[in-house]
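Data first, discussion second: the structure below is written as structure tokens.
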Amino acid sequence: MMYPMPSWVYDSVVYQIFPDRFFIGKGKTVEDKKDLYLKRGGVIEKWGVPPRKLPGAQHVKIFYGGDLWGIAEKVDYFEELGINVLYLTPIFLSDTNHKYDTIDYFRVDPQFGGKRAFLHLLRVLHERSMKLILDGVFNHVGSQHPWFKKAKKNDPEYVNRFFLYKDRHRSWFDVGSLPELNVEVEEVKEYILKVVEHYLKLGIDGWRLDCGHDLGPTVNLWINMKVKEFSAEKYLVSEIWTYPAGWDMVDGLMNYNFRNLVLSYVNGETDSIGFHLERAYRETKNIFGCWNMLDSHDTPRLATMVPDRDLRKLAVVLQFTYPGVPLVYYGTEIGLTGGEDPECRATMEWNREKWDVDLFEFYKKMIRLRRTDPGLRFGEFVLLNDSPLAFLRKAPHPLQNTIVVVNPGEEKVLVLSIPDGKIMNTTPLVDVFSGERFHVDGGVVKLPLLARSFRILKPEDLRVGKYRLYKRV
């Protein structure tokens with residue numbers, strides 16, 4: 001890695017929020033705020049009405065009214081769930097609900113409450129020892145950005161900041177409203193770094209780079225240099241939809257490779273992903289800083305991809321036990337469903353009677369385990385078995401180790417050899433969910449597995465009278 005990862009990242013569980021769809025603050029409704037949207041060409045919709053795809057992508061102009069005030073009001077919920085880092089999709093001035101088409105990076109959108117709401121949210125989170133990560137969209141801007149409007153008029157100061165041709169311009173995925181910036185131009189580089197530094201000075205804890213693959217390794221590096229120049233404890237994660245190795249100029253990336261492997265495994269499309277997980281662990285220098293996510297604002301929701309709750313729990317177990325930072329997309333913890341964008345961006349459900357309470361409690365337990373267990377926070381990854389998948393998270397002390405088994409198949413007995421000479425003979429391995437005990441015999445343990453089940457096992461010191469098994473290791 002180019003830079004050491006901030007120390008707090010090892011203990012992090014990230015919660016991703018799409019601000020327009022989370023909660024409306026100050027007791028208001030979207031109707032109360034309608035002028036903020038209508039005067040900028042938006043359309044308002046009642047909370048709870050499912051989002052739908054419209055011709056010409058007109059669904060990006062539909063607003064439900066969520067804001068930063070509302071997010072701040074839900075800090076008790078974040079504590080109840082156990083997360084300690086918020087990642088917000090873009091909050092800067094823009095005329096769409098997703099705000100990936102920035103008009104002004106230095107202005108928090110009034111639709112979200114403006115700068116006052118942003119600073120209030122930041123203060124509330126820091127008072128509860130929570131972190132805030134913002135989304136930096138620097139590969140492109142919106143077509144209403146002042147620079148682009150001037151460039152379209154052939155202003156010589158701005159023309160070279162974009163890629164303009166005779167009858168068109170280069171834009172992200174050829175979406176005309178998202179003109180790409182020429183990030184190699186010095187004025188563009190200085191502008192991006194000013195934005196990065198501005199919000200670091202205001203107190204945010206890090207950045208997520210949108211379209212990190214489009215920006216390329218060099219731009220990712222010089223943004224991280226600016227971040228680490230400000231503070232070694234500020235974090236930079238990049239959106240890279242590839243195999244995770246080779247991007248160690250940042251602290252981590254959004255690990256879509258992990259997501260796709262896990263979903264294929266629990267859905268029965270393959271019976272073996274251990275080789276791939278082990279190779280990625282071995283080859284990815286910043287694996288502990290990567291975000292292990294199962295869904296996001298860019299994918300169908302987990303409950304839609306994996307409708308069976310037992311199989312879904314297996315995916316969540318892997319998310320919280322593989323090296324890296326678990327990322328929970330808002331509402332996934334209560335069972336929200338939704339297909340491709342915009343269906344995956346539905347409003348948060350706040351009526352607990354409509355929640356999948358069993359799933360919510362399961363998430364709470366997994367989050368608590370991930371944040372308190374040394375093996376899961378920083379242990380090495382040692383593959384024990386490929387089908388069903390079993391691995392060891394090996395910590396400095398053997399009693400801190402964690403063994404994970406995930407079986408999406410039929411009932412069976414798994415015989416595991418544990419490659420740690422300090423796991424002593426007769427050591428009890430305790431299932432942290434069921435409380436069952438299984439004893440190690442000569443470095444081997446036999447584990448009965450139900451169909452579509454998992455085990456998370458912790459070694460326990462054996463005491464017999466005054467005798468202690470782990471007195472010298």
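Glycine is treated like the rest: Cβ placed from N, Cα and C.
As given in Swiss-Prot:
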type	residues	note
ACT_SITE	ASP210	active site, nucleophile
ACT_SITE	GLU239	active site, proton donor
SITE	ASP298	site 'Transition state stabilizer'
Three-state secondary structure, which DSSP defines for ASP298 (site 'Transition state stabilizer'): coil
Cα-to-Cα gap, ASP210 (active site, nucleophile) vs ASP298 (site 'Transition state stabilizer'), nearest whole Å: 12
Cβ neighbours within the same chain of GLU239 (active site, proton donor) - under 8 Å, at least six residues apart: ARG208, LEU209, ASP210, CYS211, GLY212, HIS213, LEU253, MET254
Least surrounded among the recorded positions, given as ASP210, ASP298, when other CB atoms within 10 Å are counted: ASP298
